[in-house]
Amino acid sequence: MSSVSSLGNTPGLDTEGEWPAWPLLSMAVAQRRGVSGVAPPLALWVRGPARLDEAVDQAIAIVGARAATGYGEHNAAELGYHLASRGIPVFSGAAYGIDGAAHRGALSADGTTVALLGCGADVGYPAQHATLLRSIGKVGAVVSEYPPGTSPARHRFLVRNRLIAALTEGTVVVEAGRRSGARNTASTAGALGKVVMAMPGPVSSGMSAGCHALIREGEATLVTSVDEILETAGRLGAPGADPSKPRRRTDRLGPEALRVHDALSERSARPEERLAAESGVPVDRVRSLLPELELDGFAERSDTGWRRRTAKT
């Protein structure tokens, strides 16, 4: 195994400027709102050449069932390949099934892929994915909040899921049963104000029942292609984008966050209820998005509400 570097937000740990501060702040914001199980990590161990602070920018998580069908693995590999081909980092958990297929797809496109583990970053788990993890560690990053040498345990993988949700701007559930760790990741992503998407499958497939439930219950947006993922997540790599033109900072905002931003006024503060009415975004969702817009310099709070703030360049 190659060497493992430590990053941290506590004194004594070498951050080297790579600590992914912005996405992890969404966890702190959610904690303040009373969301449980989203505590930010105290440290991260990283193996691989990819800078984590750069890899998290515009990243998409692809998650799903370990006991995936051929249909699911094909879709995950296709998504991983085409997202990576467009410069979108692909995050997943290196598990069997959907995770592994997504990583392999991204690797085949020579793109950036990051594996979040529920054990030490130097531990090749699952054992049958040791070669895959070595490949990821050569061109991307293998990341864990657990110190090197930490053995895998079921509860650690459930805790790990919150990092997959937090470090990415959107999560795509490709296949999931009704009771699935992927649904846990999707639920956390939603609580953190991230974009949640799910792919439909055959109505007779138990491996798609969780995806169908997410869509039916309004917890995820139905997507069937990379173009739809990019559109839903508000991606900068969407078709038609001209890379030679200067990017607007608001381009990184998801559709709902952009609508709330557009409803803000620079001249006068507006209450959350008015922003919800003008943006068409539910007021509870507005309340979760505003602190994130504030943290990224798009909004500021006053005694009477919220106003737009010109973002720093």
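Any Cβ shown, glycine's included, is placed from N, Cα and C.
Note that TrEMBL annotation is computational and uncurated.
Copied from TrEMBL, the annotated features are:
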COMPBIAS  251-276  compositional bias 'Basic and acidic residues'
DOMAIN    39-232  domain 'Smf/DprA SLOG'
DOMAIN    246-301  domain 'DprA winged helix'
REGION    234-281  region 'Disordered'
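Counting same-chain residues at least six beyond the ends of the compositional bias 'Basic and acidic residues' (251-276), those with a Cβ under 8 angstroms from any Cβ of the stretch are 57-58, 169-170, 193-195, 232-234, 236, 282-283, 285-287, 289-290, 292-293, 298-299, 302-310. Computed over the domain 'Smf/DprA SLOG' (39-232), the whole-number mean pLDDT of the model equals 94.
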